[in-house]
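One structure below.
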């Protein structure tokens, strides 16, 4: 295979993968996305001579792009948090997960290359064919990722969207606004469409001088950046009503099996941070803790006072909502990752159980359990299921507090635009996503990608999104995708934001991923057009 790539201009494929990876991973390099597709488009249209070559080259580009964008996997080492104390076993486990993830994600990019080669036609039609194929396969990839890491704890649906090309446009607030019309997939459609236009402009407009082309590109990038700066720094009036949120930012390690002493130590440090809220004197309406804080239930460990009594005294009143989370273990020993909405005024609890669990972090897919049992690692599977694994919860829930509807969910659920669309269709006016990335120790690349996801989610549904975090910095994103408050990574503190409850529904909320359906129609029409044209040519001959 090495000789094959050497003879077939693999440098074009490698260049495309690297440009896409850099544009996706680094905030100020996002324009590289528009140039990254050029080399692979050139190869598929002008160099490639057979379907096998198209598939392999697009696959190689996908492996490079996905490999760069998913390099944060390695931050999970060492894997004592999963009960793997042997460092070599930890490297083997991460390698297996990383390689299988590369395969699961890049195979759809390979199919894109194959279909582009098979269906390609005139450039004007290709302008819509290429982005339509990309978007449809990104959507199918979301399904494929779910099925690839399937187990009884999986949530069926196109929820997993890692390396969605459109997320990188979150780095330009102006272009990001497209998400409110068609979600993240419309952003991806735009990236590929512009990428094809760039390819045409560079290679087909031969009568235009290179210097002129460069000046035009520079002017377009300047316009995009100028509009981004303008929107990012403009004051947009959201409404008169506001509710003040306090986000608790912590830095606690991830444990495989908590001892009582470890829980009590964390509990004391949590109380110190909560005390800071009173000292700050900003009187928040809602206090949100990171995923898995389990703060409220730890009052049962020392029996000194109830959570309601302690917090009422510390915070100087009862007109507060505390949003906490932790495991709930049922009588059959099944554990559910659960958000607790605790109203200090009446001591009432309301709950939401996590639906979209993270594979290999919160459950073991069959892709892991079957090989583990074959190679004599049944004990590892048993221990993981006992100390680490969760079961998926029920439906999405919206909680009303002081006439404001709050929709809260967990860390990895930020990946699913459908779950947030469900929240808003149920009346949510403010969104909360509690998170913890102690497993990845605040990896900066992962943090950047998750902020991009949060921006897209906020704009898709026109809502503020609040994200308290353990280890990664907590932040608040407004409905335009702008960060209005943020804590630095690894800095235990409290940050505040005045949030405007919003009610308007975007086109994405009303019509969902319509761009996927439109893309499928475009592909079908082009396919049948080519089929009919081919038959006419045969009849002429």
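Cβ coordinates come from backbone N, Cα and C, glycine included.
Unlike curated entries, TrEMBL annotations are predicted automatically.
Some features that TrEMBL has for this protein:
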TRANSMEM  28-45  transmembrane segment
TRANSMEM  54-74  transmembrane segment
TRANSMEM  94-115  transmembrane segment
TRANSMEM  127-150  transmembrane segment
TRANSMEM  183-202  transmembrane segment
TRANSMEM  214-231  transmembrane segment
DOMAIN    243-501  domain 'CN hydrolase'
TRANSMEM  511-533  transmembrane segment
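The list of residues near the transmembrane segment (28-45) in space but at least 6 beyond its ends in sequence, with Cβ under 8 angstroms from a Cβ of it, reads 9, 12-13, 15-20, 22, 54, 57-58, 61, 65, 113, 116-117, 120, 126, 130, 165, 168-169, 171-172, 191-192, 194-196, 198-199, 202-203, 221, 224. Most Cβ pairs under 8 Å to the transmembrane segment (127-150), among the stretches 54-74, 94-115, 183-202, 511-533, belong to 183-202.
Ranking 54-74, 94-115, 511-533 by CB pairs under 8 A with the transmembrane segment (183-202) puts 511-533 at the top.
Sequence-remote contacts of a segment are chain residues at least 6 beyond its ends whose Cβ falls under 8 Å from one of its Cβ atoms, and for the transmembrane segment (511-533) they are 119, 121, 125, 128-129, 131-133, 135-136, 139, 182-183, 185-186, 189, 417-418, 421. If one looks beyond the transmembrane segment (54-74) by at least 6 residues along the same chain, the residues whose Cβ comes under 8 Å of a Cβ in the stretch are 1, 4-5, 8, 10, 12-14, 16-18, 20-22, 24-25, 36, 40, 43-44, 48, 94, 97-98, 101-102, 105-114, 116-118, 162-163, 440, 443, 445-446, 449.
Summarising model confidence by region, the domain 'CN hydrolase' (243-501) averages a pLDDT of 91.
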